[in-house]
Amino acid sequence: MCGIVGILGQGPVAGSLIDALKRLEYRGYDSAGVATLEDGRLERRRAEGKLRNLEALLREKPLHGCVGIGHTRWATHGRPTENNAHPHASDKLAVVHNGIIENFRELRDELIALGHKFVTQTDTEAVVHLVTEQIRRGLSPVEAVAASLPRLKGAFALAILFEGEENLLIGARRGAPLAVGYGEGGEMYLGSDALALAAFTDTITYLEDGDWVILRRGSAEFRDEENKPVERPKLKTQASAFLVDKGNYRHFMAKEIHEQPEVVARTLAHYIDFSNGCVRLPFELPFDPKDLRAITITACGTAYYAGMVAKYWFERFARLPVEIDVASEFRYRDAPMPEKGLMIVVSQSGETADSLASLRFARAHGQKVIGVVNVPTSTIARESDVAAPTLAGPEIGVASTKAFTCQLTVLAALALALGRARGVLDAAEEKRLVNELMVVPGLLAEAMKLEPGIEALSHQLGKARDVLYLGRGPSYPLALEGALKLKEISYIHAEGYAAGELKHGPIALIDEQLPVIVIAPTDSVLEKTVSNLQEVAARGGRIIMVGDSHAIDAAAVSLAGEIRLPDMAPDFAAIVYAAPIQMLAYYTAVFMGKDVDQPRNLAKSVTVE
Ligand code: F6R
């Protein structure tokens, strides 16, 4: 999604604006721009494509102003051209914006009738003219914003810079996140997340939903939705503690895949009492687990597949019925919510619009909500009854990897905790399962050693037009996740299927050209998966098997490739098997020369529907 930054500096700010925008690159974007005040006059530089284009433009035509705003745009309304790039401006002000102004057409018609000229296809321009109109009517910039905000519908964050106002920036938040940073010598910052500001300060304030803020050097004046002055706490952020660089890796995605043994261990340590072999949740459950009747899980993309794996765990270990749906469907289904029900929302960013809307629906319909989130300060974390943190650290690669395995880890711990509290698991059974979880980081580290073989296999995959992934039980959602990972970063068409569904249609696709990746740890359904695999082999399919030695031997067919994992108990094998599947997609995309960390058309945090 779009990135916003604003700086009220002591010296020229253009370089720092670009640095901050670089830290927001991971969110995904297709054009960028900055605006500063040059002797009180608004000046903009904007460019299509990557930030290097904007940097080149700034070298040619530098900006020297000490107050400015910057933006990376992920196109929603209008193509990613220079003209549609932010900041958008009038003779009075410049605006950068994240999110969507839903009533922009209505506002545009009204403002055109008042003589305003619109020159872009963006919804943002309606904000520019709306505030400009108030200033033309004689209001001060602050009064003009106060008068304009109630007219805007939708979910958005804004930063506004005013002609002639060297000591003023205004930010507003409704739906999309926005933070204020406090720097040395009175420097002030605005950013769409703490990472954007990490290089400048570790002291920040998050705007609450509906808030807006008037920044002057050394001061931040917060107002709520009703325009009443409010106090918001200053926090010390952790963001700067994480090294947001690639280390020795070529891509963030590779680095994040390799971080998994460590971050899964860190997450486990937060939920498991290692010495006593039991789960110890780091929060009070907001309900009595014995009374719980049903769980609903909702999420998007990879986080949804984590939920799908967890469905098997909640059903088996806690004997709770689980309903699961993608958040974009769930939010509009008007689903009847069970009595004494729990909703689990899974989200890396904690800002995904559909997941947030589902959370709000569930709360309004009497559900208790647990948010499994990676960003502890996110909206989903704050609006859940309980936030269950995944301790993956900032995930920069657009394709989710370490967040997925940490989500699985938290969900596994939660399933065991509920199972124990409901009397489904006794202490011995809990201990056995906890011991299985405790070895997962070590098994992940073992899986990392398979990298050279996986890289070699990826050269086969890189030549394919389509790829099919098959699995049963928790390996079925993994098959879906494998297909998602491959298509999003390599652009090869891929599909995941429940292996048992093969005969009901997709078997027609099998020929010598189609790689079929079969995910099959040794578990209770291995035999069934092997039958399906033999059906593929009988039709000349090119099978790549992901399994342990026993499973690979059991397949008893000639394989086009294999990824041989160490032996492990089946219960949480999905967490370990995720890693080779991610690596396969990663190396295929690298082999094909794709932009692995920022795949085309994708955004890291999807804060629009
Ligand atoms: C795929 C991917 C996406 C996200 C989805 C949800 O690799 O990253 O499918 O999983 O957009 O995002 P969060 O978890 O931030 O709600």
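Any Cβ shown, glycine's included, is placed from N, Cα and C.
Remember, it's a predicted structure, so these values are computed and weren't measured experimentally.
Taken verbatim from TrEMBL:
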type     : residues : note
ACT_SITE : Cys2     : active site, nucleophile
ACT_SITE : Lys604   : active site, for Fru-6P isomerization activity
DOMAIN   : 2-218    : domain 'Glutamine amidotransferase type-2'
DOMAIN   : 285-424  : domain 'SIS'
DOMAIN   : 457-599  : domain 'SIS'
Q: By DSSP assignment, list the helix, strand and coil residue numbers for the domain 'SIS' (457-599), in that order.
A: 70 helix, 29 strand, 44 coil
Q. Where's the emptiest Cβ shell within 10 Å among the active-site residues Cys2, Lys604?
A. Lys604
Q: Tell me, roughly as an integer, the mean pLDDT over the domain 'SIS' (457-599).
A: 95
**Q.** Cα distance (Å, whole number) from Lys604 (active site, for Fru-6P isomerization activity) to Cys2 (active site, nucleophile)
**A.** 10
(Q) For a three-state summary based on DSSP, what are the helix, strand and coil counts in the domain 'SIS' (285-424)? (A) 62 helix, 28 strand, 50 coil
